């Protein structure tokens, strides 16, 4: 006796209902072939109820693909299984250019005003005795401000990705991510701060041929203390921002990294100035204070290492995440050397107020883009797996900025924010009578050219670097942002110094460069 397969609704493991239809051809995983309707007939020829269990990997893939930022980036498989979905974490809304710009705009402006405040602080403290007589402190400025990019922005990108793919939904998972990541950034901040002080001593000693042990210890104590305290404060702020944005239905990738920088530059520079000034005052009467401060923060390292090792989410980064932050610190220190040599010349003292602004804006924008691309890739699998397994060759500028791809769309939005953003920041600096430079038309043209060129280069490098690291089985959340923000410091400082030199050579006296 023959019988048609009965159509039934069978509950899946994840709570979804899947209809079994006689005409459907289902895959037989064990034989690697398609199953025919006869395979589902019972001994008496009647239809058999078939329960199809959805694998954990596929369920995760459905959730992740549903969170993709553009319809065009969704695969057909995601469309086919869009009804096979049970309870899942809230996904970010599908984004248009307008929604991307709207979500990025406020954090971008907030971060920009933070860099303006940092520039105003640097413009004031450059005349303090500690900056005059221990000029190597200038070398620490980009390195420690870049530490925000090396650590806080990496933390923001890592937690944003974890939040978007549902790894922070339960209180237990959330607590594990917080404790592990906070301990990790304290380890990295202490070590990188110590290495930054060594780099400052070396870069200051090589050109002058003069070495002072007291100044070296002062730089070490100031750098380590600043890095530790700034990372602790900013890390807690970042965790609150990501949790809050997730609950409000905002994509954390759009807001977390700029807000990481909103107060980051100001807090870090204020701490560096205050701590170095205080330790410099104690240098003559209480010389033992500097080594004690340095030893205290280094002695806390074993505690943070133990906590970070106990967390599986941060254990791998603790062992393998040093290369990017150390190399990025060295790159930023080269930018600091450029700043030291330029600002020390009275003709270019006005550059100090603009350096944190141009570096901060470029770093913030490229960090947003890198975080978005990384999240996009994580939704399709794990590093080294999926459609992006092969290391990517250098993309063409057209594919980076002019394709219909969602990441290309966000690159255009971020690039278009450069000019209006910098105009607002320059006006703010001028209205607060900051710096030693009058904002003439020719100065604004040179400044904007440097800013646009910096962001254009960084967005292009980010498109290549994130995909290349993904294909090399490296997590871009941990590896890409340190390099990108450090390159932003170096490119921004170099282009700004070049602009000031050109303005001085062509005799733009109306801008009062050097007064």
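Cβ coordinates are placed from backbone N, Cα and C, and glycine is handled just like the others.
Pulled from TrEMBL:
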- 141-275: domain 'SLC41A/MgtE integral membrane' (DOMAIN)
- 355-498: domain 'SLC41A/MgtE integral membrane' (DOMAIN)
- 1-45: region 'Disordered' (REGION)
- 60-94: region 'Disordered' (REGION)
- 104-124: transmembrane segment (TRANSMEM)
- 182-204: transmembrane segment (TRANSMEM)
- 216-243: transmembrane segment (TRANSMEM)
- 255-275: transmembrane segment (TRANSMEM)
- 287-307: transmembrane segment (TRANSMEM)
- 319-339: transmembrane segment (TRANSMEM)
- 411-429: transmembrane segment (TRANSMEM)
- 441-461: transmembrane segment (TRANSMEM)
- 481-506: transmembrane segment (TRANSMEM)
Chain residues in Cβ proximity to the transmembrane segment (216-243) (below 8 Å; excluding those fewer than six residues from its ends, i.e. six or more beyond): 134, 136-137, 140, 143-144, 147-148, 151-152, 155-156, 159-160, 163, 168, 174, 178, 181-182, 185-186, 188-190, 192-194, 196-198, 200-201, 252, 255-256, 259-260, 263-264, 267-268, 271-272, 275-276, 279-280, 283, 289-291, 293-294, 297-298, 300
DSSP-assigned states of the domain 'SLC41A/MgtE integral membrane' (355-498) in counts, ordered helix, strand, coil: 108 helix, 0 strand, 36 coil
Secondary structure composition of the domain 'SLC41A/MgtE integral membrane' (141-275) [DSSP: H/G/I, E/B, coil]: 120 helix, 0 strand, 15 coil
